[in-house]
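Under the heading active site, proton donor/acceptor, TrEMBL lists Tyr494. Among the features that TrEMBL reports, FAD binding site is placed at 156-162, 238-241, 290-296. Per TrEMBL, the feature substrate binding site maps to Arg431. Taken from TrEMBL, the feature domain 'FAD-binding PCMH-type' covers 124-306. Annotation source TrEMBL lists site 'Important for enzyme activity' at Arg341.
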Amino acid sequence: MLVHSGCIWQELLKWNGWGYNDSKFIFNKKGQAEFTGKRYRLGGMVLPTFKEWMEKTFGASLDHKTTSRATLNVNDVPPSIVKEEFLQDLRAAKISYSQDAEDRVFRAHGHCLHEIFILREGMFKRVPDIVVWPVCHEDVVKIVELACKHNLCIIPFGGGTSVSSALECPEEEKRTIVSLDTSQMNRILWIDEKNLTACVEAGIVGQDLENQLAESGFCTGHEPDSMEFSSLGGWVATRASGMKKTIYGNIEDMVIHIKMVTPRGIVEKNCQVPRMSTGPDIHHFIMGSEGTLGVVTEVTIKIRPVPEYQKYGSVVFPNFERGVACLREVAKQRCAPASIRLVDNAQFQFGKYVDLLRQISLSKGFNLLLFKGFDPNILCVATLLFEGDREKVLQHEKQVYDIATKFGGLAAGEDNGQRGYMLTFVIAYLRDLGLDYYVIGESFETSVPWDRVLDLCRNVKERIVRECKEKGVQFAPLSTCRVTQTYDAGACVYFYFAFNYRGISDPIHVYEQIERAAREEILANGGSLSHHHGVGKLRKRWMKESISDVGLGMLRSVKEYVDPNNIFGNKNLL
């Protein structure tokens, strides 16, 4: 094995859960919840009422605890099967690689519930046989050529944050599976200040991209919830969306040029221009291809000067219906701030217990809400983020708050808006705590036309509750949603659901049945299969229904031409 630095990042992260090793929710000796580490604003804070929320919401108890395996047992990991001829070729090409069990398991999964559950209690039946670390585009070309020569299967790996089973190895794959880890391709190759573009290697993770650009006074503004860990190439491969898409756009709006290595050769356009009329855009074959066609190696993206001024805000509405109507009007007037997100009452209640919205729940303003007739068990909250020139931000802020007032909204403070925005980056850590106390949970998303938002939200949440009861879940589930991104013609809706699985022999099977029913309900109510998480293997059963039989055939034809021997055989999408 050649020396590589691919495991340095790996050592900072949990092997069987979300995020950094030093960051997690725990219950201390006093039975109070706290968040460890110093990486987040919530770090070091004690959450005295969180235990009450867990007990009240799930019927969970600190007396009923399940523990994950502390370390990986390498004897449980399927053996690495790689021919010596391939290893010799890798060494000749000076490509770093590893056959260590820890390295292979780390790249055998994303962050779906069932994947994390398996890591805690069992082992995958199939994992990559070898991990390779290219450091540049030319290395990827060599690796793909070797895979074709030796008839191997390549599964590209970026940040590992997939929630669509996209990284799982097909159990029936008999060929050597190569995990192609792009993490060492993490450089900004150039910045063009005149055209406001930057060419970046695809393995860079979001926070590093923003930090490095900021050193030159620029940003992309692309902030998915996973931006600390997800990669630029992963954003392209899944058609990602960020929290500030209203100003900066989704990934498809930001991309100027893509270079991708396929078994047929390199795909790229001949120039870096804002738009071309040269038939169907080949970028749209690449974006959303989820590792089925090749490896994205370099991306030229739009950049902007770091905004001069940033201001958070929040608005409380009497109910979810008023909140949705306000967001609809803001979208109609095309005056949405960088981020505008509306959480339902269940998430507001959660926010109180993690000290997120304490100004609303504890301040004099709370008495004002009661005086105005706001029911604490019905109201909902929108969090706002404005960015740009200071004068324009203040004008923009007034316009949005004026609209909110027309729908019964009351300003709830800048601090609450900031807390709500920052919670995005720690909420994923909650699932690991839940799993310690027999609570399993997951999130999923969709996009939907404005006139169906309310019906879809209500029907999906009710379907989850009904399915839990029918499947024998003994405790009432958490079923909640938020509107996270807005468009002229609709919005993205994000659902969370979780339940206490004590008394259920196969909780993952039950969970998957409920999630499947929820997805069926989404589609029946006019929602999309996915807004930004992608399809992977988890949702591909609905692809024909989503894009038509002919549409699916078109995608298959591209796959058969570009990759006739299925070198990129992760079995996503198709």
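Cβ atoms are placed via backbone N, Cα and C, with glycine included.
Note that this is a predicted model, so its numbers are computed, not measured.
Projection of TrEMBL feature records onto the structure.
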| residue | record | contacts (Cβ under 8 Å, 6+ apart) |
| --- | --- | --- |
| Pro156 | FAD binding site | Leu180, Thr182, Gly233, Ala237, Gly291, Val295, Val296, Phe568 |
| Gly159 | FAD binding site | Ser183, Val205, Ser226, Phe229, Ser230, Ser231, Gly234 |
| Ser162 | FAD binding site | Gly110, His111, Cys112, Gly234, Thr238, Gly534, Gly536 |
| Ala240 | FAD binding site | His222, Pro224, Ser230, Gly234, Asn250, Ile251, His532 |
| Gly294 | FAD binding site | Val144, Met260, Val261, Thr262, Pro263, Val267, Ile286, Val562, Asp563, Phe568 |
| Arg341 | site 'Important for enzyme activity' | Met243, Ala382, Thr383, Gly420, Arg482, Val483, Thr484 |
| Arg431 | substrate binding site | Gly17, Trp18, Leu113, Ile116, Ile440, Gly441, Glu442, Ala498 |
| Tyr494 | active site, proton donor/acceptor | Ser443, Phe444, Glu445, Cys481, Arg482, Val483, Thr484 |
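Averaged over the domain 'FAD-binding PCMH-type' (124-306), the predicted model has a pLDDT of 98. Of all Cβ atoms in the protein chains displayed, 26 besides its own lie within 10 Å of the Cβ of Gly291 (FAD binding site).
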